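K.L.:
Can you keep this structure in mind? I'll have questions shortly.
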Amino acid sequence: MANPTGGDSKNTLYCSFCGKSQHEVRKLIAGPTVFICDECVELCMDIIREETKSSALKSGDGVPTPREICNVLDDYVIGQEHAKRVLSVAVHNHYKRLNHSSKTDIELAKSNILLIGPTGCGKTLLAQTLARILDVPFTMADATTLTEAGYVGEDVENIILKLLQASEYNVERAQRGIVYIDEVDKITRKSDNPSITRDVSGEGVQQALLKIMEGTVASVPPQGGRKHPQQEFLQVDTTNILFICGGAFAGLDRIIAQRNKGTAMGFGAAVKEDDDKGVGELFKQLEPEDLLKFGLIPEFVGRLPVIATLGDLDEQALITILTQPKNALVKQYQRLFDLESVKLTFTEDALTAIAKRAIKRKTGARGLRSIMEDILLDTMFDLPGMDSVEEVVVNEEAVDNPTAKPLLIHTDSKKETASAG
């Protein structure tokens, strides 16, 4: 399509890939009998960059080094440097162990991972990114839906079934996959006395997870066991499946603070020495005994030898999340306003105020969208019916003052007005 018919084709040059003329693009690069425009070059660069990220540079034995894994995590996850390092080393060692398992008579044990951190701090995103880097089957399970076998709810074998589905029923690939079990703090023991009643969704689930996490040959029904009892079972060895468990563990910080205090304390009593410490700081002092007090059984804690704690995202990290990633929230809303032919601008003070509100709400990065919707709701309601609006400016007052609205800049007068309430 370097020279389409029609128009002034003799004098006009066209991109051989997208067909745009030299007048529609900024640059047109010429080669022997072909041309490529700057937009196609940028597209090619994006494709190459994505390919490079998804198949991170390999070390000599085909396993990405911890630094390479950490560098790719940096592209997707903001902050949480300590957790990234812990995860990078654990995952590198796990897949190195698989590649060298038959080369020596020393058997290397598997190191499953426990991620502990407040809501919205990036636990799930870290696990998803790891699977993308390593190009292995990945599945995510919700621990709150699991029950012991024989009770209403999902069996733990359903987790392995989801992993099989992610690997298109390739058993060999599934046996090298990653399973992320979310909300694992919700399956804690419901009572200190386990004999009072049957705990089918708490301690019972922990007991059921023990064998598949440690390594066993699980019989997995390909169509789900309860609806098709007559089907053939697939045998899946879970020995080399990496299990990552994550949870917010609300209240665990108080257990750690009480242990640090070193004395018995009444219910709800404040720990003055730890008042200025954030949740993330207290999580760094975590000991296995704290998890036992929280309600995890000793056998379950023992099968999660690698513990990575994540802290609350600070103000600067939240501002970065708002503006930097490819699909950052600010860019998403700017695109929405672009569809109305209106420019959307956030002042630096406004971004700082949004981050401060998210910190107060204690919802982490997840709370940012809710705050943005709150600020822009009335403007997005009125804007489609308004003429001559060229730009919407969100300043600090529009964020902090519930009655204040973003400023509207009109084309004709260039006069700033408050958005109609």
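We number each residue from 1, going along the chain as drawn.
The backbone N, Cα and C atoms fix where each Cβ goes, glycine too.
Reproduced below are the annotations present in Swiss-Prot:
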- Cys15, Cys18, Cys37, Cys40: Zn(2+) binding site (BINDING)
- Pro118, Thr119, Gly120, Cys121, Gly122, Lys123, Thr124, Leu125: ATP binding site (BINDING)
- 3-56: domain 'ClpX-type ZB' (DOMAIN)
K.L.:
Let's check the environment of Thr124 (ATP binding site): how many other CB atoms sit within 10 Å of its CB?
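P.N.:
By my count, 15.
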K.L.:
Any same-chain residues 6+ apart from Cys121 (ATP binding site) with CB under 8 Å of its CB? Would you list them in sequence order, or say none?
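P.N.:
Non-local contacts for Cys121 (ATP binding site): Gln80, Leu310, Gly311, Asp312, Leu313, Gly364, Ala365.
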K.L.:
Where's the emptiest Cβ shell within 10 Å among the binding-site residues Pro118, Gly122?
P.N.:
Pro118
K.L.:
To which of the binding-site residues Cys15, Cys37, Cys40 does the lowest count of other Cβ atoms within 10 Å belong?
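P.N.:
Result for the binding-site residues Cys15, Cys37, Cys40: minimum number of other Cβ atoms within 10 Å at Cys40.
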K.L.:
May I ask for the distance between Pro118 (ATP binding site) and Cys40 (Zn(2+) binding site), taken between their Cα atoms and rounded to an integer number of Å?
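P.N.:
For Pro118 (ATP binding site) versus Cys40 (Zn(2+) binding site), the Cα atoms are 42 Å apart.
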K.L.:
Using C-alpha positions only, work out which of the binding-site residues Thr119, Gly120, Gly122, Thr124, Leu125 is nearest to Cys40 (Zn(2+) binding site).
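P.N.:
Closest candidate to Cys40 (Zn(2+) binding site), judged by Cα separation, is Leu125.
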K.L.:
Within 10 Å of the Cβ of Lys123 (ATP binding site), how many other Cβ atoms are there?
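P.N.:
Result for Lys123 (ATP binding site): 26 neighbouring Cβ atoms inside 10 Å.
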K.L.:
To test your reading of the Zn(2+) site: which residues beyond Cys15, Cys18, Cys37, Cys40, same chain only, put their Cβ within 8 Å of the Cβ centroid of those residues?
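P.N.:
Near the Zn(2+) site, the remaining chain residues are Ser16, Phe17, Gly19, Lys20, Val25, Leu28, Phe35, Ile36, Asp38, Glu39, Val41.
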K.L.:
Are there any residues in the same chain, six or more apart in sequence, whose C-beta is under 8 angstroms from the C-beta of Cys18 (Zn(2+) binding site), and if so which?
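P.N.:
For Cys18 (Zn(2+) binding site), the qualifying residues are Cys37, Glu39, Cys40.
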K.L.:
Including all protein chains shown, what's the count of other C-beta atoms within 10 A of the C-beta of Thr119 (ATP binding site)?
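P.N.:
Excluding its own Cβ, the number within 10 Å is 15.
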K.L.:
Other than Pro118, Thr119, Gly120, Cys121, Gly122, Lys123, Thr124, Leu125 themselves, what residues in this chain have Cβ atoms within 8 Å of the centroid of the ATP site's Cβ atoms?
P.N.:
Gly117, Gly246, Ala248, Leu310, Gly364, Ala365, Arg366
